[in-house]
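Undergrad: Residues annotated as peptide binding site in TrEMBL: Q134, C135, Q136, P266, Y267, G268, G269, M270, E271, R563, M564, K565. Taken from TrEMBL, the feature Zn(2+) binding site applies to H295, H299, E318. Per TrEMBL, active site, proton acceptor is recorded for E296. If you look up TrEMBL, you'll see Y383 marked as active site, proton donor. TrEMBL lists 463-607 with the feature domain 'Peptidase M1 leukotriene A4 hydrolase/aminopeptidase C-terminal'.
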Amino acid sequence: MTSATDPCSFSSFSKCVTKHLNLTFHVDFDSHVLKAKVALTVEVLVDNFTSLTLDTKDLKVSKVTANGQAAKFTLGAKHSFMGTPLEITLPFDLSRGQHVIVEVTYETAPSASALQWLTPEQTAGKKHPYLFSQCQATHCRSMVPCQDTPAMKHTYYAQVSVPKELVAVMSALRDGEEPDPQDSSRIIYRFRQPVPMPCYLIAIVVGALESREIGPRSRVWSEKEFVDKAAYEFSETETMLKTAEGLAGPYVWGQYDILVLPPSFPYGGMENPCLTFATPTLLAGDRSLSSVIAHEISHSWTGNLVTNKTWEHFWLNEGHTVYLERMIGRSMESEQFRQFKAMGGWKDLQESVNTFGANNPLTNLVPNLNEVDLDEAFSSVPYEKGFSLLYHLEELMGGPEVFMGFVKSYIQLFSYSSITTEEWKHYLFTYFKNKVGILNKVDWNAWMYTPGMPPVKPQYDSTMADACIALCKRWVKTKEGDLGNFSEVDVKTLSTHQLIEFLSLLLQEEPLPLSHVKRMQEVYQLNAFNNAEIRFRWLRLCVKSKWEDAVPMALKMATEQGRMKFTRPLFKEVYNFDKYHEEAVRVFIVHRAAMHPVTANLVAKDLKVDTDKST
């Protein structure tokens, strides 16, 4: 099942493969564009090769050459979300095994979906503009004409010209800097990525950045306002890296830096090689949110080294990464902690299945993505349904040590390649050849190709969750006259993780009476918590119970940061509170222009705002 097509890409990779990209970016903050050139080193796989197709989206292409000779090119019809195929005709024909360097000169659009341009006001320092990219899943084509499919892996080199008061960093090793010979007010930063990787991992940030060393192979980068806080928050990075290496094998990417982005970054983290991107909502001051970093570190093996061949097999990236992240938690904390996190993950999965609908084929572990916009399909399904399958197999095959042996061996075998679910499964059966009888009893069709919750619910150890469950039950069962029985002592012994779990459990119940949430605030003072995971759940709980005082706080959190995990549900919760339905829409429209393009597009759909309205 190693088909050479990808439903999310126009580029046919059965005829040729990209081996290397050489990027030249001139970052123009005045017009919000990258003036760019890319030279693709392409290896030909067939005889009589005369043309190729690249993915683009909203790019202005001015010139194409092949081995220095002018090449004819046309841009095809624009697809609503996949962009536009760039058809290139070579001035010569090539045979199998030959290489050609195709150079495209182009400009990105100010609205490029991979890029967010921030005004100085949107940064912490308020003095300088800022640019960041987010290419996963299929936005690289709006920044670079390329074979935009995870089936393709290549190295890259880049030179980036920026105003000299700013710093550029990329998902690569830093390779020096020099004044821009064309413009003395600018500086050129150089980068090289010697490890072949898919193009969705190309990443760039330009801003008033500073860095601090946090380990022998790690620095943390951010605006100076956050850099010391970030250095404290991520001080365990080297321990985590060493733990991951002990589980999965050597770390091959050289440097492991973390970059803390401005608040509008739409995800918790992004595993860009050599430079993990992290949301500032992790800077809670209590180091409780290190599971995001454990997750991104784990991607250095599962996702970046072994990659899903197409996005239909995304669970291979995310299920294994969650499995590895929780194994790191097991090593650094305890097996009970791993079990506790797995229980929380099952609840997240339940919420995704409820949101999409239990019969929605997008809740399949391996969905069909023909004509599907990947941003709209994004959910916790590949993460948590994937983890559940791996945990179920772990139990069947003989426990965590035994199954981790398989995962490590799988990483070794498929490193530097892109694979499908069939290839993973074939290797699972090969590795556990003495247990094929047990593996044959697994209902593979129900796990892989059936929507809804998994066919088997693992029995997790609930030791750490029991206190959360008991407290949740007390609040649900207590009558209004007995609210005096609650006191701050109830939560004194709960860890941050347990407090998050307690609120998550309450969110799964029918909304509490208003008197209950008001009492909860009185005794637990939850409004005073800065931890984003706690605050997010608490504000959702209050709005569900129709506490009007919480509405402005919920909308403030939805717009002060742009992590979609928080922003979308907060907006939806206020929107569903009839009295504030229009207020949710009004606040969204006011803030829309400052939001990340992907976030703005999805919130507009959630709130049924006409997406044609000007942004």
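We count from 1, first residue shown onward.
From the backbone N, Cα and C atoms, a Cβ is placed for every residue, glycine too.
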Undergrad: Using a Cβ cut-off under 8 Å and a sequence separation of 6 or more, which residues in the same chain sit near E318 (Zn(2+) binding site)?
TA: G303, P382, Y383, G386
Undergrad: For the domain 'Peptidase M1 leukotriene A4 hydrolase/aminopeptidase C-terminal' (463-607), would you mind checking the mean pLDDT of the predicted model?
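TA: Taking every residue of the domain 'Peptidase M1 leukotriene A4 hydrolase/aminopeptidase C-terminal' (463-607) together, the mean pLDDT is 95.
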Undergrad: Hey, what's the Cβ neighbour count for G269 (peptide binding site) at 10 Å?
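TA: Around the Cβ of G269 (peptide binding site), 23 other Cβ atoms lie within 10 Å.
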Undergrad: In terms of Cα spacing, which of the binding-site residues Q134, Q136, Y267, G269, E271, M564 are within 10 angstroms of H299 (Zn(2+) binding site)?
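TA: So far as Cα distances go, the binding-site residues lying within 10 Å of H299 (Zn(2+) binding site) are E271.
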Undergrad: When you look at Q134, C135, Q136, P266, Y267, G268, G269, M270, E271, R563, M564, K565, which the record names as binding peptide, what is the longest CA to CA distance in angstrom?
TA: 18
Undergrad: As a quick check of your reading of DSSP, tell me how many residues in the domain 'Peptidase M1 leukotriene A4 hydrolase/aminopeptidase C-terminal' (463-607) are helical, how many are strand and how many are coil.
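TA: The domain 'Peptidase M1 leukotriene A4 hydrolase/aminopeptidase C-terminal' (463-607) comes out at 113 helix, 0 strand, 32 coil.
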Undergrad: Where Q136 (peptide binding site) and the residue listed as 'active site, proton acceptor' are concerned, what is their Cα separation in Å, rounded?
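TA: That comes out at 14 Å between the alpha carbons.
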Undergrad: Under 8 Å Cβ to Cβ from H295 (Zn(2+) binding site), same chain, six or more residues apart: give me those in sequence order, or none if nothing qualifies.
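TA: G268, G269, T321, V322, E325 - these are the non-local Cβ neighbours of H295 (Zn(2+) binding site), listed in sequence order.
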Undergrad: What is the nearest of the binding-site residues Y267, E271, M564 to E296 (active site, proton acceptor), using the Cα of each?
TA: E271
Undergrad: Please identify which of Y267, Y383 has the densest Cβ environment, defined as other Cβ atoms within 10 Å, among these recorded positions.
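TA: Comparing the recorded positions Y267, Y383, the most crowded Cβ belongs to Y383.
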Undergrad: For the recorded Zn(2+) site formed by H295, H299, E318, which further same-chain residues have Cβ atoms within 8 Å of the site's Cβ center?
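TA: Result: E271, E296, S298, T302, G303, N317, T321, V322, L324, E325, Y383.
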